[in-house]
Each structure stands twice: as structure tokens, then as C-alpha cells.
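Here is what Swiss-Prot says about this protein:
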BINDING   SER54, ARG57, HIS141, LYS161, TYR170  ATP binding site
BINDING   SER54, ARG57, HIS141, LYS161, TYR170  CTP binding site
BINDING   ASP66, ASP68, ASP118  Mg(2+) binding site
Amino acid sequence: MSTLEEVLREAYKLVTPSEEEERELKKVTEKVKALIADAINKYGIEAEIGVYGSSARSTWLPGQRDIDIFIVLTNRNINIKDVITLLSRYFSERGVTWSMRYAQHPYLSLLVDGYEVDVVPCYKISFGERPITAADRTPLHHKFLVEKLSEEQRRDVRLLKLFMKTIGVYGAEIKVEGFSGYLTELLVAYYGSFIDVLKAASRWRPYRTYITFSESRAKFKAPLVVVDPVDPERNVAAAVSLTSMSTFILASRRFLKNPSITYFQQRQGAVIKTNVVEVVFPYPNEPPDIVWGRYKRIGRSVFNWLKQCGFRVYRWGVESDEKSYVSLIYVVEQIELPPYMLHRGPPVYDGAVDAFVEKYLDKDIIGPFVQGSRVYVIKRRRYTNISDCLKTYLGKGDYTIRINLYEGALVRKNAWIT
């Protein structure tokens, strides 16, 4: 069994970028900054250029190939959409590959030398000033963290990110509903180190954990609350679902009890053969957050429908490559149900008992009969085959139902837990 010190020593190697990666990142960053500087000069845009995010604070993970560059507008009369239009024209003229992305407002994502560089316009604000767009806070976030995090703590941020990535809770997008990069940095800044974050998290309780860097009376309804030091009316942990928070609590407890390098390795556990049904849809041409949000809602409604039909669902989830398909996966007790089911009625002394009995008098059922104090019938199921049940609910459409072919994460042994 490895000691905590041995595991951390090995894990630190996994989260430290090579000198070559550092040089390449800096080279691409400077290249795009120069292009943006030329563009804002050409079009007379009053702005400052800032590199923010993990690449600017040395909290990025090896292999990460994305950079965030902000155009901080100093003139609020400038429309962000106009800036995007001018920049897209500029990059097109110079043969730079770009695509339009959307958050609260549009921004550009460039592909430069194998790196994805997000170019995000925002307005310049001061501490205590209300943001005009969500992106306006980013320069202030950067300033706060640069002042708070030591070099050792930045290394611990990288460790925490890989830990969270391994257990599946890293990322604030709807796909994950987990911890954002900014949130991981705040946790290390607040508690002091990677181990101290885990020790604290092992004592967290959902809906009773409130973290703030200064006195705050703001109220939030969320499993975890971390008040933004830049905007006291904002919960940085708003995206963290109950499941993600609870997964992190469990992983923290288990790692501290039995440290292992498995918490920092992207591995797959063995497939456990069980009954599983998968509904596969073609991937729509829409932003990922829209797609994940929609199919999570559809997935929940299908889960409820399967329960109504008598199929016991052990667990379910949504998976996608965000290119060609999106799937709803259900791990179930049975694919085929027996033709008859026991249906419980009201107690014999309840006023509703007469209506229940009369409903089934002329039906092809066993009963009505009394068991204990209740009336029951044994009646024929509407659906015995899970595919028929799904087709009725989903109707005609462009989807495929696959039975017992899925071998993804939902039917695998947990590879990291110790």
C-alpha cells in the first residue's frame, strides 16, 4: 500500500506540463495576441487585451490545448456583436480558422497551431461594480486569484482538477454539472492546499455548506454555496449538482482513508454484463449545452415512463460524442416482463374501494381479491417488451433502440475508488 506522500509525489508528475508544452502555449498565446492587437488597432476598437483562465495562472493540465484571450472594452458604447463581426472578418481575411460560439453573448473560437483559442469580448468593470455581461467578471477573477495563489497552491489546483476529472465531476457545463476551473482555484485559495480541500470536503453536507471569503448575507438554494469574491450575489458553485457534490465527498473520504494513484488516472473498469437498453439519436446541429440540457430532460421523462410501465431502472444517463450521436442509456432489471402484474387497490374501508372493484368487474383479470386490508387484482400488462414501451412513448422518429450492446461507463466497475 502506497503512503499519501508517495501517491502525491507520483501525482504531481502527472499534472506538471513539460517545458516544451509551456513554450508552445506561450508561443501560440503571443501569436494570437498580436493578431488581436492588430485587429483592434485597424478598426479603432478602444480595448485592452488580457490573457486569463488557467493558461494565464499556470493552473492548466498537461495536454490541455485551450487558451482564453479577452478583449476588455473600455468604451461601453461599443456593441459586442459589432466587435465580433469585425474580428470574424479580420480572421477570415488572414485565413485563420474560426467558429462562432455562444454563452451570454457570442464569442469566437479560433483554431491556431492545434490550440483552441477563445476570443471573448467583455466590458471593463471595477471591484464592486455590477457586470454588464457574465464575462466582465473574468479579469477581476484573474486579479483576485493571482494575488491569492502561491506557486505551490497553483500546483495543488492542477492536482485537484485531475482528481475531479478522474471521478467525473470536473466541468460546470450541463454535460457534467460539476466544478468549474475557477471554483477549483477558489477552493484551494480558501482551504490552503489540495489535501486541506479534501479534508474539508469529506465533512461537507449538501445544502449546509456555505463558503465565503468575506462576510456575506446572500442566500442561495443549492447543494453547495461558494460566494464569488468578485460578485457577492453570485454562487460560483451553482452548477454543481447534488450527485457531483456527493461524488466528490465520497472520493475525498476514500482517498484520505486509502490513498491511491488511481484517483489521478483515466482508466476504465471492467464491463459487468447486465440488461441495458440504449436509445440512440443523431446529434443535432446545436450548441452542446442546449443538446445536453434537452436530452437530460427527455431522459428523465423516459425514465419515469419506464417505471410506469413496470420496468425497474437501476441507473440511467446520457452520453454523446458531440458530433454524430446522443444516447439515452438505461440499466434495467429485465428487458422482458411477465404478462401479468399485481395491482394494489385501496383499503376495504376506503370510500374509493367500490369504484376500484367496479372498474375491474368485467375485465380479464384475476380478482378482485382481499389481502390483508386491501383489495388487489392481477391484471395483464400493457407492455411486456421494453422496446415496445419505448416506441409508444417516443413515437415515430429518427432513433435506434439497441438492446444489451452498450459497454460504456454506466455498466463498468468503478476504476478509481479504493
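All residue numbers here begin at 1 and follow the chain in the order shown.
Glycine is no exception: its Cβ is also placed from the backbone N, Cα and C atoms.
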Checklist outcome for this item: Largest C-alpha distance in Å for the ATP site residues SER54, ARG57, HIS141, LYS161, TYR170, as a whole number, is 19
Checklist entry - Which one is closest to TYR170 (ATP binding site) in space, judged by CA to CA distance, out of the binding-site residues ASP66, ASP68, ASP118? => result ASP66
Checklist entry - Can you name the binding-site residues among SER54, ARG57, HIS141, LYS161 whose CA is within 10 A of the CA of ASP118 (Mg(2+) binding site)? => result none
Checklist outcome for this item: All chains considered, the count of other Cβ atoms within 10 Å of the Cβ of ASP118 (Mg(2+) binding site) is 16
Checklist entry - Relative to the mean position of the Cβ atoms of ASP66, ASP68, ASP118, the recorded Mg(2+) site, which additional same-chain residues have Cβ within 8 Å? => result GLY53, SER55, ILE67, ILE69, SER109, GLU116, VAL117, VAL120
Checklist entry - Cα distance, ASP68 (Mg(2+) binding site) to SER54 (ATP binding site), nearest Å? => result 8
Checklist entry - What is the separation, in Å, between the Cα atoms of ASP68 (Mg(2+) binding site) and HIS141 (ATP binding site)? => result 13
Checklist entry - Using DSSP, would you call ASP66 (Mg(2+) binding site) helix, strand or coil? => result strand
Checklist entry - Highest CB neighbour count within 10 A among the binding-site residues ASP66, ASP68? => result ASP68
Checklist outcome for this item: Cβ density check for TYR170 (ATP binding site), other Cβ within 10 Å (all protein chains) comes to 22
Checklist entry - Counting Cβ atoms within 10 Å across all protein chains shown, which of the binding-site residues ARG57, HIS141, LYS161 comes out on top? => result LYS161
Item to check | Spatial separation of ARG57 (ATP binding site) from ASP66 (Mg(2+) binding site) - C-alpha basis, Å | outcome: 13
